[in-house]
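Novice: Let me begin by handing over the structure; questions about it come next.
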Amino acid sequence: MSDKIQVAIKVRPLVTSEKDVGEFWRVNGNELYLLNNDKQPSGEIFAYDHVFANNSTNMEVFEKVVKPLVNRAVKGFNATIFAYGQTSSGKTHTMLGDQNEAGITQLAVSSMFDFMEKSLGREFLVRASYMEIYNEKVNDLLEQQNNNLKIREGDGKIVVQHLKE
Ligand SMILES: Nc1ncnc2c1ncn2[C@@H]1O[C@H](COP(=O)(O)OP(=O)(O)OP(=O)(O)O)[C@@H](O)[C@H]1O
């Protein structure tokens, strides 16, 4: 994978309030095109690194976009993934999932821990913090220091040690 920033679009299914209006976006490969009011292609086509149609799952997004970055991160490269979009566009659903499907955050974390479990003889330090940027303000910076975990090998087992109680 190259180092460039990648942009992936995930089209979400229509929510109830939008059902009367109908779909205006169509996906074709890694392109999105817009339909006009008569539901005909308007001629505007937008191309991205990846486009996921409205029936795609968070697991598909994870496999295509997130997993390669996790694989690089555990080898020591920096990686950032963030969701950007207008209100109700599906950011929370993609990042955190719901009762029916995990979000890409959970999938990324379990993938990292799978990797660490298999990497005997190496020591990992995992830190997590959580914050929200809302209306361009950083809110509720919840530095979850209690979640600082130290993972190390002990007698062939992975030991998870809480750094702070
Ligand atoms: N792939 C999906 N499948 C089913 N429902 C979805 C999907 N993506 C989003 N939704 C639904 O669309 C609505 C808006 O999604 P969500 O809350 O994730 O948006 P958001 O971008 O986080 O919004 P906000 O910025 O206002 O917090 C929710 O009811 C969510 O359940």
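Every residue gets a Cβ built from N, Cα and C, even glycine.
The domain 'Kinesin motor' feature in TrEMBL is assigned to 4-165. The ATP binding site feature in TrEMBL is assigned to G85, Q86, T87, S88, S89, G90, K91, T92.
Can you tell me where each of these features sits in this structure?
Specialist: A coil conformation is recorded for S88 (ATP binding site) in the three-state DSSP classification, outside any helix or strand.
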Novice: Any same-chain residues 6+ apart from S88 (ATP binding site) with CB under 8 Å of its CB? Would you list them in sequence order, or say none?
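Specialist: Expected: V15.
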Novice: Given the binding-site residues G85, G90, which one has the fewest other C-beta atoms within 10 angstroms of its C-beta?
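Specialist: Output over binding-site residues G85, G90: least Cβ neighbours within 10 Å is G85.
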Novice: Suppose the ATP site is G85, Q86, T87, S88, S89, G90, K91, T92. Which further residues of the same chain have a Cβ inside 8 angstroms of that site's Cβ centroid?
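Specialist: Other same-chain residues near the ATP site: R12, A83.
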Novice: Out of Q86, S89, which of these binding-site residues shows the lowest number of other CB atoms within 10 Å of its CB?
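Specialist: Result for the binding-site residues Q86, S89: minimum number of other Cβ atoms within 10 Å at Q86.
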Novice: If you count other Cβ atoms within 10 Å of each one's Cβ, which of the binding-site residues T87, T92 has the most?
Specialist: T92
